[in-house]
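Undergrad: Sharing a structure here in structure tokens format.
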Amino acid sequence: MALKNLLVLVVLLGVVGVSVAHPYGNPLKKQNGHRNPRATGDLDLDYYRSKCPQLETIVRRVTFQYVSRRPTLAAALLRMHFHDCFVRGCDGSILLKSPLKDAERDAFPNLSVRGYEVIDAAKSALERTWGCRGLVSCADIIALVARDAVSVIGGPWWPVPLGRRDGRISKSSEVNLPSPFSDVKTLKKNFLDKGLNTKDLVVLSGAHTIGVSSCGLINNRIHNFTGRGDFDPAMNPSYVRALKKRCKPTDVKTPVDMDPGSAKKFDSHYFNIVAQKKGLFTSDATLLDDLDTNLYIQAQVLTGGASFNRDFSESMVKLGFVEILTGKQGEVRRRCAFVN
């Protein structure tokens, strides 16, 4: 049996493949040998070192102060970074407020985003620090806070190349994020449109190992999937029964763990749950419908998540390069919620 499992593992890892992180240059510049036109520049791990060497220490301290008291903020701050990058790119536009309530943060998918106070606190601390005032973009702060928040709860660490500039535009009408109701074909296109591949899709879906959702987003799957009072056949029936006890048909507010049994710990347990057909969303369950994403899930289950932390770190570095503004593009906001 041990030999059989070993042979299966070799095959799985051979199919899934091994990716290489690009912490200095832009990993999105080339896709399949061609330059990605969405990649607008390179970032640098030492970008602020000469003028604001305290940057990462300050951001890490502020993040620890908030997340150590409220560990659930880790999932929220990671989600904020993801949502920011998937609209206009990683330009901090999710932070902008609008008196007309038509900014990204006012769009329905972003109404549940939390943790803006952490970004504001980090920005304020930097603005009070000699050498850092007016220098550090809010987009870079989001990227650093997301990394440090995951690290606080015991998750992986990854390098965050810096030098992003802040965008000046934020429109709720442009918020078209990957949906929890999407099938795998749609999700793969969503990610490809941002220069991310199928492996990035399944790896970053692993972020669902922390955090909660609500009954409102799953009631259709468990109570009335086809309009006949049935449930989604892609869900484990015992899991459906457990969810029905927690979520009544009209309940839209009760929280539900995205990774039951391990929702407060950043680990590979999410893939075990998906393999057992206990993925909370359609977007989780559908990862079993694609050969590549399914193989990755099975490999993580079989190896106890042996490569997940490394893979997640690499995909997060790639995410941080999505449609960035650099050089003289955009601006460095004095206050993250408002353009200068």
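In case you wondered, yes, glycine gets a Cβ from its N, Cα and C as well.
As listed in TrEMBL for this protein:
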- HIS83: active site, proton acceptor (ACT_SITE)
- ASP84, VAL87, GLY89, ASP91, SER93, GLU104: Ca(2+) 1 binding site (BINDING)
- HIS208: heme b binding site (BINDING)
- CYS52-CYS132: disulfide bond (DISULFID)
- CYS85-CYS90: disulfide bond (DISULFID)
- CYS138-CYS336: disulfide bond (DISULFID)
- CYS215-CYS247: disulfide bond (DISULFID)
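Give me the local environment of each listed feature.
TA: Shown in sequence order, ILE94, GLU104, PRO109, ASN110, VAL113, VAL175, LEU177 are the residues of the chain, 6+ apart in sequence, with a C-beta less than 8 angstroms from the C-beta of HIS83 (active site, proton acceptor).
In the structure as shown, the Cβ atom of HIS208 (heme b binding site) sits within 10 Å of 24 other Cβ atoms.
Non-local contacts of CYS52 (disulfide bond) by the CB criterion (under 8 A, 6+ apart in sequence, same chain) comprise LEU126, THR129, GLY131, CYS132, LEU135, VAL136.
All protein chains shown were included, and the count of other CB atoms within 10 Å of the CB of CYS247 (disulfide bond) stands at 22.
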Undergrad: Do you see any of the recorded positions HIS208, CYS215, CYS247 whose C-alpha is within 10 Å of SER93 (Ca(2+) 1 binding site), and which ones?
TA: none
Undergrad: Give me the count of other Cβ atoms within 10 A of the Cβ belonging to CYS90 (disulfide bond).
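TA: So the Cβ neighbour count for CYS90 (disulfide bond) comes to 27.
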Undergrad: Please name which of the recorded positions listed here, ASP84, CYS138, HIS208, CYS215, CYS247, is nearest in space to CYS90 (disulfide bond), Cα against Cα.
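TA: It is ASP84, whose Cα lies nearest.
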Undergrad: Same chain only, sequence gap of 6 or more: which residues have a CB within under 8 Å of the CB of ASP91 (Ca(2+) 1 binding site)?
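TA: Listed in sequence order: ASP84, ALA139, ARG164, ARG165, ASP166, GLY167, GLU323, ILE324, LEU325, GLY330.
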